[in-house]
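Only one structure is covered here, and it is reproduced in the block below.
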Amino acid sequence: MTEENQSSALDFILLGVSGHQEQETLFLILFLFMYPITVTGNLLIILAICCNSRLHNPMYLLLANLSFVDIFLSSVTIPKTLVNYLLHSKAISFGGCLTQMYFMIALANTDSYILAAMAYDRAVAITRPLHYTTIMSPRACVLLVVGSWVVGNANAVPHTLLTARLSFCANKEVANFYCDAAPLLKLSCSDIHFNVKMMYVGVGVFSVPLLCIIISYVRVFSTVLRVPSTKGVRKAFSTCGSHLTVVSLYYGTVMGMYLRPLTSYSLKDASITVMYTAVTPMLNPFIYTLRNGDMKAALGKLCSKRISLKPT
Ligand SMILES: *[C@@H]1O[C@H](CO)[C@@H](O)[C@H](O)[C@H]1NC(C)=O
């Protein structure tokens, strides 16, 4: 029993998404629906791509990798939130808190770099079709994926170590539904100037891929516009348009959340973080496959294979 008392004294409290009971329940119902959709949707994409050798090219291998990261990204926060709700608890240990923060930063960065790799892949395919197979070789593709994971984790390590060194006083109420870097920093009673500076550096590292994405799509558009086929233009615009919607939602919300003074954070902002912790990981598989005939065929094949295997 003493252990329980001890742990509760050291625990942090997750205040939730809004602080209003009805809205809290609404978000939990949303999470309850979104999480299984995110996991199933992304798993189906990975299976469809892995089981179909025709889709073993950079574009689809990168998409499978994005789905892989998205499954983990949504698993960092949502299951804990749902379990806590079932247990009528808002507590999280300091270790749990740091773990959530580490994986959130690492996976969000990896996601960001893989999105850039996907945009780069499309740009090469459209602007330099003759050199595509030499530029996007299997080796280059593995390098892009491994690089994304390395940068993601490298960006998470310093921030997590710097936060682990902080001391916390009486107030342990994190103004979010998970241990987010900014509200956690705000709670500390140590000197956090260096942490804040490093946070801005971290957001910078996170945002580099956005620049690559913009440059890639500008090159795609300028190439497509020079080709006098309106059908080609429309097709490129329709796929790139939906990609750009997700990309701007993703970067817009992350940068809007962290690129401002720490004092301006409040519980109101927690609902912004729902965008990149839960919504974009769920949307990614749909956005990147909905208008894609090959992907639909592969998914159809996957389903019919399962049905035909059942009787044997
Ligand atoms: C991720 O990409 C690499 C390199 O192209 C590939 O070998 C691997 O199968 C992909 N991972 C998944 C889960 O599809």
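Every residue gets a Cβ built from N, Cα and C, even glycine.
What TrEMBL says about this protein:
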{"type": "DOMAIN", "residues": "41-288", "note": "domain 'G-protein coupled receptors family 1 profile'"}
{"type": "TRANSMEM", "residues": "26-48", "note": "transmembrane segment"}
{"type": "TRANSMEM", "residues": "60-79", "note": "transmembrane segment"}
{"type": "TRANSMEM", "residues": "91-109", "note": "transmembrane segment"}
{"type": "TRANSMEM", "residues": "130-151", "note": "transmembrane segment"}
{"type": "TRANSMEM", "residues": "198-218", "note": "transmembrane segment"}
{"type": "TRANSMEM", "residues": "239-258", "note": "transmembrane segment"}
{"type": "TRANSMEM", "residues": "270-290", "note": "transmembrane segment"}
Of the stretches 26-48, 91-109, 198-218, which racks up the most C-beta pairs under 8 Å with the transmembrane segment (270-290)? 26-48
Determine which recorded stretch among 60-79, 91-109, 130-151, 239-258 has the most C-beta pairs below 8 angstroms with the transmembrane segment (26-48). 60-79
What residues elsewhere in the chain lie close to the transmembrane segment (60-79), defined as a C-beta under 8 angstroms and at least 6 residues from its ends? 31, 34-35, 38-39, 41-43, 45-46, 49-50, 100, 103-104, 107-108, 110-111, 114-115, 117-118, 121, 141, 144-145, 148, 177-178, 277-278, 280-282, 284-285, 288-289, 294-295
Averaging pLDDT over all residues of the domain 'G-protein coupled receptors family 1 profile' (41-288) gives 90
Is the transmembrane segment (130-151) packed against any residues at least 6 beyond its ends, judged by a Cβ distance under 8 Å, and which are they? 58, 61-62, 65, 109-110, 113-114, 117, 120-121, 124, 205
